[in-house]
2 protein chains.
Amino acid sequence: MTIAPARLPLMANAIRALSMDAVEAANSGHPGMPMGMADVATVLFTRHLKFDPSAPHWADRDRFVLSAGHGSMLIYSLLYLTGYAAPTIDDIRNFRQLGSPCAGHPENFLLDGVECTTGPLGQGVAMAVGMAMAERHLNSVFGDDLVDHRTWVIAGDGCLMEGINHEAIGLAGHLGLGHLNVLWDDNRITIDGATDLSTSEDIKARYVATGWHVTECDGHDFADIERALQEAKADPRPSLVACRTVIGKGAPGKQGTSATHGSPLGAAEVAAARETLGWTAEPFVIPSDILADWHMAGEPGRRAHGTWAGRLEASDHKAEFERRMAGDLPQGFSLDAHIAGLIEAPQKIATRKASEIALAAINPLLPDTIGGSADLTGSNNTLAGGIGTFSRNDYAGRYVYYGIREFGMATAMNGMALHGGVIPYGGTFLVFTDYARGAIRLSALQQARVIYVMTHDSIGLGEDGPTHQPVEHLASLRAMPNLLVMRPADAVETAECWEIALRQPDRPTVLALTRQNLPQLRLAAGENLSAKGGYRIKPADAARKVVILATGSEVSLAMECAAQLETAGVGVDVVSMVCSELFDEQPPAYRADLIPADALIVSIEAASTFGWQRYTGTHGLNIGLDSFGASAPASDLFAHFGLTVDAIVPQIQNKLNS
Amino acid sequence: MTIAPARLPLMANAIRALSMDAVEAANSGHPGMPMGMADVATVLFTRHLKFDPSAPHWADRDRFVLSAGHGSMLIYSLLYLTGYAAPTIDDIRNFRQLGSPCAGHPENFLLDGVECTTGPLGQGVAMAVGMAMAERHLNSVFGDDLVDHRTWVIAGDGCLMEGINHEAIGLAGHLGLGHLNVLWDDNRITIDGATDLSTSEDIKARYVATGWHVTECDGHDFADIERALQEAKADPRPSLVACRTVIGKGAPGKQGTSATHGSPLGAAEVAAARETLGWTAEPFVIPSDILADWHMAGEPGRRAHGTWAGRLEASDHKAEFERRMAGDLPQGFSLDAHIAGLIEAPQKIATRKASEIALAAINPLLPDTIGGSADLTGSNNTLAGGIGTFSRNDYAGRYVYYGIREFGMATAMNGMALHGGVIPYGGTFLVFTDYARGAIRLSALQQARVIYVMTHDSIGLGEDGPTHQPVEHLASLRAMPNLLVMRPADAVETAECWEIALRQPDRPTVLALTRQNLPQLRLAAGENLSAKGGYRIKPADAARKVVILATGSEVSLAMECAAQLETAGVGVDVVSMVCSELFDEQPPAYRADLIPADALIVSIEAASTFGWQRYTGTHGLNIGLDSFGASAPASDLFAHFGLTVDAIVPQIQNKLNS
C-alpha cells in the first residue's frame with residue numbers, strides 16, 4: 001500500500017499548518033523555511049528516506065539532517081506526523097518553551113530523529129559529510145547487509161554561503177560520497193533581503209567544480225521533485241538538488257519575502273494562509289485521514305528494518321557490530337601494557353610523540369578509531385598503528401587526509417561520532433582551534449565523543465611566532481561547558497589521557513600536546529592518576545609552604561622550581577593539573593587536600609593566566625603569558641617571557657616574604 | 001631606465017639564495033614557497049607593483065599581501081633587495097631569532113612593507129578583499145587623483161582550501177573588486193604530500209563561478225607571467241592568476257616535493273642548489289649588480305609617489321585625506337550631545353538598540369565608518385545614520401551587506417582597518433564570534449581598530465536556544481591579549497563604549513549587546529565613566545559588607561539585589577564592570593577602592609563564571625551560567641538558571657553568614 005500522489009499536497013500542507021501554528025503560539029520562530037520546503041520534505045519522507053519511527057536508533061536508517069536548523073518546525077512536524085513517540089502534539093504546542101523538546105533549533109539530545117544539533121549555519125551539511133564517511137567506512141567493514149544507507153540534508157542559502165560549506169563539499173567531492181544528497185532550499189531570500197544583496201555566485205557551477213552531481217527541480221512540483229531525487233540517488237557522486245522554492249509558500253501576503261523568515265506571520269496572515277491552502281482544521285489539529293497517510297510514510301522503513309534485523313541475527317558480525325554501534329570499547333581494552341612499557345623504558349619525548357606511540361598501541365586494539373589531520377600529519381603525529389588511508393578507493397582505511405580544512409575536519413568528526421560505530425580523532429595546531437571553534441562547541445553541546453589532537457600547544461613551538469603560538473586558547477576552551485581540556489606532562493600522562501578520552505561516551509576532549517621534548521616524570525606503575533584531573537606528583541619534603549599547580553610542559557619546570565625551593569628549606573607540593581574539568585568533579589576533600597588553605601598557591605602555565613585564580617585566589621601567584629608570543633627558538637622564548645627557574649623562584653620567595 | 005628582461009632570472013635567484021641561506025641559518029623555516037614563487041614575485045615587483053621603498057606608508061601604494069605567510073623569506077628578501085630601510089641583511093641573518101623583525105611569519109607591527117600579519121591560512125586573501133574595498137571606497141570619496149591602487153596577493157593551496165576563501169572571494173566577486181589580483185602558487189604540494197591526497201577541486205572553475213576572472217601562466221616563464229599579470233589588470237573583475245610552479249625550484253634533489261615546504265634544505269642540497277642556479281656568492285651576499293637592479297625596481301613607484309604628492313598638495317581634500325589616513329578622529333568629534341539627550345530623556349531599550357542610536361549620532365559626524373552585518377542587519381541594529389549601501393554600483397556607500405559570512409566580514413574589516421582611512425564595524429550574534437575567532441585574534445595581534453558589534457549576548461536572547469546563546473564567549477574573548485571586551489549596562493554606557501572604541505587606534509573592541517530591553521541606570525551628566533573599565537554605579541547606603549560586580553544586563557539585576565539587601569541592613573556597592581581590560585589598566589588604588597579587601601565580592605554575569613575569581617577570590621561568590629542554555633522566553637530562562645533577585649539574594653546572605 002503506497003500513498004497516492006494526489007495526497008501529497010495535503011500532507012505537505014499539514015507541515016505548513018503545524019509550522020504556522022507553533023510559531024504563532026510561541027510568538028517566535030521561523031515559518032518561512034518549513035512552509036517553503038514542505039513539498040520537498042513530503043516527497044523525501046514518503047518516497048525516499050529510509051526510517052522506522054518506532055526504532056529511531058536503528059543503525060541502518062538513513063540520516064536526515066536539517067542543516068537550516070532555524071526551520072526546526074519542519075522536522076518537528078515530520079517526526080510528529082510520521083508517528084515518532086516524540087514530539088507529541090503538546091510538545092509542538094509548547095514549541096520554544098522551557099522543557100519542550102521542540103526547542104528553537106533542533107537538538108540531538110532532546111529528540112530521537114534529530115540526528116544532530118543545527119542552527120549554527122553550514123555545520124549541518126558538514127556534519128552530514130562525516131555521517132556519510134562513517135557509513136561508507138562501516139559498510140566496508142560490515143558489508144551491504146548491515147550498512148547501506150544514505151545521508152539526506154536540507155540546507156538553506158546560509159549553509160551554502162558559510163565558509164565551512166567549501167571545506168565540507170570539497171571533502172565530500174574528493175571522497176566521492178555518493179550516498180550524500182543535499183536538498184538546497186533555493187528560495188533566493190536571506191534575513192537581510194534577496195540573496196543578490198550579498199552574493200553573485202553560481203552555486204551550481206561551484207558544486208560541479210568541486211566534484212558533485214548537481215540537478216534542480218521546481219520545489220513545489222511533486223513529480224519534478226521525485227525526478228530530481230531519483231536522479232540524485234542514481235549518480236555515484238554526492239548530489240546537490242537545487243529546489244527552487246518560494247519561502248513561506250502558502251502565506252499569500254508574505255510568501256517570497258524575508259518577512260516570513262524569522263517572525264510569526266501574524267493572525268491575519270495565518271488566516272489568509274489557511275484560506276489559500278484550504279486548511280480548515282483547528283490549530284494543532286491534523287485531520288485523521290492526513291495523519292493516517294503520514295503514518296504510512298514509515299511503512300517501507302519498518303519493513304526494511306525487519307528484514308535487516310533478520311540479516312543482523314544471521315551475521316557473524318553481530319556482536320562486534322552491536323558493540324561498535326553502542327559505543328562500547330572492546331572488552332579488556334586497556335593501555336596498561338603500553339604504560340608498563342613506558343615505566344620500564346622511560347621516554348624523553350614531546351607529548352605529541354607520546355600521543356603517536358599511544359596511538360600505535362590504541363589503533364590495533366580499537367578498530368573504531370578513524371584518525372586524521374588537517375594537513376599536519378607529520379607535526380600532529382596522528383598517523384600510527386598501521387591504519388590505511390581512507391579514500392574513495394578504500395573506505396576501509398582509517399586515516400583521513402583532511403586537507404587544510406580544520407573546521408571541515410571538526411564538523412566531519414562530529415558527524416562521524418553522531419553516526420556511531422566509529423571514534424574520530426583529528427589533529428591540527430592548538431592555535432587553530434580558533435578555526436574549528438564553532439564545531440568544538442557543537443561537539444560539547446551534542447555530547448559527542450570527538451578527540452581533538454592539538455599539538456604545538458604553547459610558545460614552546462618556537463620560531464613560527466605569535467600567529468602559531470596559543471596563549472588564550474587553553475583558557476577559552478576551559479570556559480566551554482562539557483569539554484575536557486587535557487594537557488599531559490609526559491608520556492605516561494599522555495597515554496592516561498588517551499584512555500580517559502576514549503572512555504567518555506558523551507563528551508569531547510582536547511588533548512593539548514607539546515612540540516618540544518619533555519622528561520618522563522612518572523616512573524612508577526599504578527593507577528591512572530590523570531583520571532582525577534589533578535594529582536600530587538611531588539609532595540613537599542620540608543614543611544609545606546607552597547603548592548605549585550602546573551600543566552603539560554610546565555610540570556617539569558615546576559618540579560625544578562620546587563627542587564630549588566626545597567634546597568632553601570621551603571616545602572613545595574607540585575600538582576599536575578592535567579584536566580581541571582575532571583579535578584573539579586572530585587570530592588571537596590580531595591580538592592582541599594591538593595589545594596590547601598594554608599599554603600601559597602602558585603600556577604605555572606605557558607599561557608594566559610586568565611582563570612587560574614579560581615585555584616590560586618587573589619593572594620596566590622600566577623605565572624604565565626598574558627601577551628602574544630614571539631618568533632624565536634623555544635628556549636629563548638621561555639627565558640624571554642620569564643618561564644624559567646631563575647625567573648620564577650625569586651617571585652615565589654618574594655611572595656612568601658611579603 | 002628599465003630592468004632588462006635578461007636580468008630577471010638573476011634577480012629571482014637572489015630571492016632563492018637569501019631564502020635558502022636564512023632558513024639554513026635559522027635551522028627552521030619554509031624555503032619551498034619563496035623558491036617556487038621567486039620568478040612570479042620578481043615580475044610583480046619589477047613591472048607591476050606600485051611601491052616606494054623610501055616611503056612605505058605612502059597612502060596610494062599598491063598593497064602586497066603574502067597570504068602564504070610561511071613563505072616569509074619571500075617578502076623579507078623583496079623588502080631588503082628593493083631597498084627598504086628594514087630588514088637589513090643582519091635582520092635576515094637573524095631570521096626567526098628573538099628581536100629580529102624577520103619573524104617566522106610576517107608581522108605588520110614589526111616591518112613596514114608587511115601590510116598585514118599572515119600565517120593563519122586563508123586570511124591574507126580575505127584581508128586583501130577588505131583592503132580592496134577600502135581602496136574603492138576612498139577612491140569614491142577622494143577621486144583617482146589621490147586613491148587609485150591595486151591589492152596584490154600571493155596565496156598558496158592552503159589559502160584556497162580554507163573555508164574563509166569561499167567567503168572572501170564570494171564577497172570580492174559580488175562587489176566586483178577589479179583592483180584585486182591574487183597570484184596563486186599552484187605547486188600542487190601541501191605539507192602532507194600532493195594536493196590530490198586531499199582535494200579534487202577544479203579551483204579555476206570555482207573562481208569563475210564566483211565572479212572572478214581567471215587566467216594561468218607558467219610560473220617560471222617570465223614572459224608568460226608578464227602576459228598573465230597584464231591580462232589580470234585589464235579585466236574589470238577580481239583576478240586569480242594560477243601560476244604553475246615547482247615548489248623549492250632550484251633545489252635539484254628536493255624541488256617539487258613537500259620536503260622543501262617546511263624544513264631547511266640541508267647543507268648538501270643548498271650546495272647543489274647553488275650549483276644548479278649558478279649562484280656563487282657567499283651566503284647572505286648579493287652581488288652588487290643584482291642588488292643595483294633590484295634597487296631600480298622601486299623607481300617607477302618613487303616617481304609616481306612624487307607626482308601623487310603634487311596632486312595631494314593641490315587638492316582641496318588634502319587635510320581631510322591626511323586626517324583619515326592618519327587615523328585621527330575629526331576635531332571636536334564627541335558623543336556628548338547624544339549622551340546629553342539620553343540623560344534628558346532616558347531610554348528603556350536593548351543595548352543593541354542603544355548602539356543603533358549611538359551609530360545614528362556617530363555616522364553623520366564620522367565619515368570614516370564603514371558598517372555592516374553578516375546578514376543580521378535588523379537584529380544587530382548596525383544600519384543607522386543614513387549611510388548608503390556599499391556595492392559595485394556605489395562604492396561611496398558605507399554599509400556592507402556581508403551575507404552569511406561572519407569570518408569573511410571580520411577578515412575584510414581587518415583589511416580595511418590596516419589599509420587605513422576607514423574605521424570598520426560589523427555585526428553578528430556574540431555566539432558566532434566562534435566563526436570569526438581566527439580573525440578577531442588577528443585584529444588584536446595586528447593592533448587593528450575593528451569594532452565588533454556582537455548582539456544577543458546571553459540567554460537573554462531567549463527562544464533560539466543553546467546554539468545561539470553565548471556562555472563561554474565573554475570569558476574566552478577576555479582571555480585574548482590586546483582586545484577590549486565591553487558589555488554596557490544601558491544606553492548611556494553603550495554610547496560611552498562606542499566613543500572609547502572609536503578612540504583606540506591600535507586595538508579592536510567587542511561590544512557585547514543585549515537583545516532584551518534594559519532600564520537606563522545612568523541619569524546624570526558627567527564624564528565617560530566607562531573609560532575606567534569599571535566604576536561604582538551605586539555606593540552602599542548601610543555599612544558596606546558586599547560589593548557586586550556585574551556587566552551589561554546583569555547590572556540592573558545587581559541593583560535590584562542591592563536594593564533588597566539594603567532593606568535588610570546590608571550595605572552593598574554595585575560596580576558596573578563594563579570593560580575589565582580597561583579596569584585592569586587603572587592605578588592599584590583605584591582598583592582597591594572598588595574591590596576592597598574587607599567586603600564579600602560577588603560577580604553576576606549571565607555567562608560562564610570562569611575568570612571572575614580574579615576579582616572575587618576563592619571566598620567570593622560567582623553567579624553565572626556554567627552550562628549550556630536552553631530554549632524558552634528570556635524571563636523563563638533567567639528564572640530557570642537562577643539569575644533573579646529571589647535566587648541571588650539568599651546566596652549572598654548565606655555567604656555573609658557563613
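In case you wondered, yes, glycine gets a Cβ from its N, Cα and C as well.
Keep in mind the model is a prediction, meaning the values are calculated, not measured.
Look at TrEMBL and you will find B:Glu406 tagged as active site, proton donor. Summarising the annotation, TrEMBL assigns substrate binding site to B:His30, B:His261, B:Arg352, B:Ser379, B:His456, B:Asp464, B:His468, B:Arg515. The feature thiamine diphosphate binding site is assigned by TrEMBL to B:His70, B:Gly119, B:Pro120, B:Leu121, B:Gly158, B:Asn187, B:His261, B:Phe432. Per TrEMBL, Mg(2+) binding site is recorded for B:Asp157, B:Asn187, B:Ile189. Annotated domain 'Transketolase-like pyrimidine-binding' per TrEMBL: B:349-520, in sequence order. According to TrEMBL, the feature site 'Important for catalytic activity' maps to B:His30, B:His261.
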Cα-Cα separation of B:Arg352 (substrate binding site) and B:Phe432 (thiamine diphosphate binding site), in Å?
16
Taking chain A as the partner, extract the binding-site residues from B:Asp157, B:Asn187, B:Ile189, B:Arg352, B:Arg515 whose Cβ is under 8 Å from a partner Cβ; order them by sequence and answer 'none' if none remain.
B:Asp157
Per the 10 Å Cα distance test against B:His70 (thiamine diphosphate binding site), the recorded positions B:His30, B:His261, B:Glu406, B:Asp464, B:Arg515 reduce to B:His30, B:His261
Position of peak Cβ density within 10 Å, selected from the recorded positions B:Glu406, B:Asp464
B:Glu406
B:Leu121 (thiamine diphosphate binding site) as reference: those recorded positions from B:His30, B:Ser379, B:Glu406, B:Asp464, B:His468, B:Arg515 with C-alpha within 10 Å of it:
none
Residues near B:Asp157 (Mg(2+) binding site) in space but at least six apart in sequence (CB under 8 A)
B:Trp184, B:Asp185, B:Asp186, B:Asn187, B:Arg188, B:Ile189, B:Thr190, B:Thr195, B:Thr199
Compare the C-alpha of B:Glu406 (active site, proton donor) with the C-alpha of each of the binding-site residues B:His30, B:Pro120, B:Asp464, B:His468, and give the closest one.
B:His468
From binding-site residues B:Gly119, B:Pro120, B:Gly158, the one whose Cα lies nearest B:Ser379 (substrate binding site):
B:Pro120
DSSP three-state assignment (helix, strand or coil) for B:Gly119 (thiamine diphosphate binding site):
coil
When DSSP is mapped onto helix/strand/coil, what comes out for B:Asp464 (substrate binding site)?
coil
Quick one: Cα separation, B:Arg515 (substrate binding site) versus B:Gly119 (thiamine diphosphate binding site), in Å?
36
With neighbours defined as other CB atoms within 10 A, the best-packed of the binding-site residues B:Gly119, B:Pro120, B:Gly158 is B:Pro120
Could you tell me the C-alpha distance between B:His261 (substrate binding site) and B:Gly158 (thiamine diphosphate binding site) in angstrom, no decimals?
12
Could you check which of the binding-site residues (B:His30, B:His456, B:Asp464, B:His468) sits closest to B:Phe432 (thiamine diphosphate binding site), going Cα to Cα?
B:His468
So of all those binding-site residues, B:Gly119, B:Pro120, B:Gly158, which one's Cα sits nearest to B:Asp464 (substrate binding site)?
B:Pro120
